[in-house]
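Asker: Annotation source Swiss-Prot lists Mg(2+) 1 binding site at GLU90, ASP112, LEU114, citing sequence analysis. Residues or ranges marked as Mg(2+) 2 binding site by Swiss-Prot: ASP112, ASP115, GLU279. Here Swiss-Prot flags ASP115, GLY116, SER117, SER118, ASN207, LYS273 as substrate binding site.
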Amino acid sequence: MSRTSLTRFLIQEQHAGRINADLRQLIAVVARACTSISIAVSKGALGGVLGDAGTGNVQGEAQKKLDVISNEILLEANAWGGHLAACASEEMDHSQPVPDIYPRGDFLLLFDPLDGSSNIDVNVSVGTIFSVLRCPTNVELPGDDAFLQPGSKQIAAGYCIYGPSTQLVLTVGHGTHAFTLDREKGEFVLTTENMQIPAATQEFAINMSNQRHWEAPMQAYVGDLLAGKEGARGKNFNMRWIASMVADVHRILTRGGIFIYPWDKKDPSKAGKLRLMYEANPMGLLVEQAGGAAWTGRERILDIQPDQLHQRVPVFLGSREEVAEAVRYHHAHDDARG
């Protein structure tokens, strides 16, 4: 029996009334763009795409050549199809409406074109993260404000991980599914349907080098994880950290765990490291659709009403019971302080 292609999967979702034709075509365009990015990434040094681009993004971070290339691939692929009203990228200061020469559709697309790009020169898995919102009604030329919707309003989200194989992980609000790129056929095929994150776990992913900057509930929570079976938790935990959110979250979707990037006082002006609109919201939806949870430590990520396009938040996501435990530490600390 032949495997289900992404095209067939999306058509079936349309026939079931879960997506419309425009959303189906938009996701297909994003998938094709990800295929192009996968080819560029896989060329590495042979394609002359490694190293810094000599420019910075709105966050003040140095851009890699592949950041710029991936951003341009996604913008160009989505400009002319008639499905989008505007795009927003982690690599751009402001959103970009579809040019006037092309028809505009009903959707807004947000993306991190190459998450984890600081690892690209050492051949670690990187990926593209994307989120789809509906454009507010009666907005002819959407600007940044049109994108400021809570994550619960997302109608689709996904990421494409460029590793030993290229995989597209997607939700349209009815489960989380993984598709693997068949390079010979040039199409994604369904390889894991309805991914499920185990409710309990003994693995956590965090950058321990920032420990001295954490607030008290984080110090207590991770301290108890490290204490193992002799400590308050009564079981041993393993730590994993790839420093590529796509790779860390993909592992959690595959076998469970909790991914943590907490608030820290290293730069108190920033509420967190990760971007709400480009990283936390799409990953939060994917994880929740796979039976997991996604919180800031104090509130559900998908409930946050954003106030700016490049807003940052702390992130705790993964196995439901472990996320709840981390939240409990934060709430207990806050309650004790009154």
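In case you wondered, yes, glycine gets a Cβ from its N, Cα and C as well.
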Asker: The record names ASP115, GLY116, SER117, SER118, ASN207, LYS273 as the residues that bind substrate; what is their largest Cα to Cα distance in Å?
Answerer: 17
Asker: By a simple count, how many Cβ atoms lie within 10 Å of the Cβ of GLY116 (substrate binding site), its own Cβ left out?
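Answerer: Taking all protein chains shown, GLY116 (substrate binding site) has 21 Cβ neighbours within 10 Å.
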Asker: Select the most exposed residue of GLU90, GLU279, where exposure means the fewest other Cβ atoms within 10 Å, treating these as the binding-site residues.
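Answerer: Counting other Cβ atoms within 10 Å of each of the binding-site residues GLU90, GLU279 gives the minimum at GLU90.
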Asker: Say you check the Cα of ASP112 (Mg(2+) 1 binding site) against those of the binding-site residues SER118, ASN207, LYS273, GLU279; which is nearest?
Answerer: GLU279
Asker: Roughly how many angstrom lie between the C-alpha atoms of LEU114 (Mg(2+) 1 binding site) and GLU279 (Mg(2+) 2 binding site)?
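Answerer: It is 11 Å, counting Cα to Cα.
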Asker: Setting GLU90, ASP112, LEU114 aside, what same-chain residues sit with their Cβ within 8 Å of the center of the Cβ atoms that define the Mg(2+) 1 site, listed in sequence order?
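Answerer: Not counting the recorded site residues, we get ASP67, SER70, ASN71, SER89, GLU91, PHE111, PRO113, ASP115, SER117, THR128, ILE129, TYR278, GLU279.
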Asker: Quick check: with ASP112, ASP115, GLU279 left out, which same-chain residues have Cβ atoms within 8 Å of the centroid of the Mg(2+) 2 site Cβ atoms?
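Answerer: Leaving out the recorded residues gives GLU90, PHE111, GLY116, GLY127, THR128, ILE129, TYR159, MET245, VAL246, LEU274, ARG275, TYR278, PRO282, MET283.
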Asker: Name the residues of the same chain, 6+ apart in sequence, whose Cβ is under 8 Å from the Cβ of ASP115 (Mg(2+) 2 binding site)?
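Answerer: Those within reach of ASP115 (Mg(2+) 2 binding site), by Cβ under 8 Å and sequence separation of 6 or more, are VAL126, GLY127, THR128, ILE129, TYR159, SER244, MET245, VAL246, GLU279.
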Asker: To the nearest whole angstrom, what is the C-alpha distance linking SER117 (substrate binding site) and GLU90 (Mg(2+) 1 binding site)?
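Answerer: Answer for this pair: 12 Å between alpha carbons.
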Asker: Between LYS273 (substrate binding site) and GLU90 (Mg(2+) 1 binding site), find the distance joining the two CA atoms and give it rounded to the nearest Å.
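Answerer: Cα to Cα, LYS273 (substrate binding site) and GLU90 (Mg(2+) 1 binding site) are separated by 13 Å.
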Asker: For SER118 (substrate binding site), which residues in the same chain are close in space, meaning a Cβ under 8 Å from its Cβ, but six or more apart along the sequence?
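Answerer: LYS64, ALA243 - these are the non-local Cβ neighbours of SER118 (substrate binding site), listed in sequence order.
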Asker: For ASN207 (substrate binding site), what residues in its own chain, 6 or more apart in sequence, show a Cβ-Cβ distance under 8 Å?
Answerer: TRP241, ALA243, TYR261
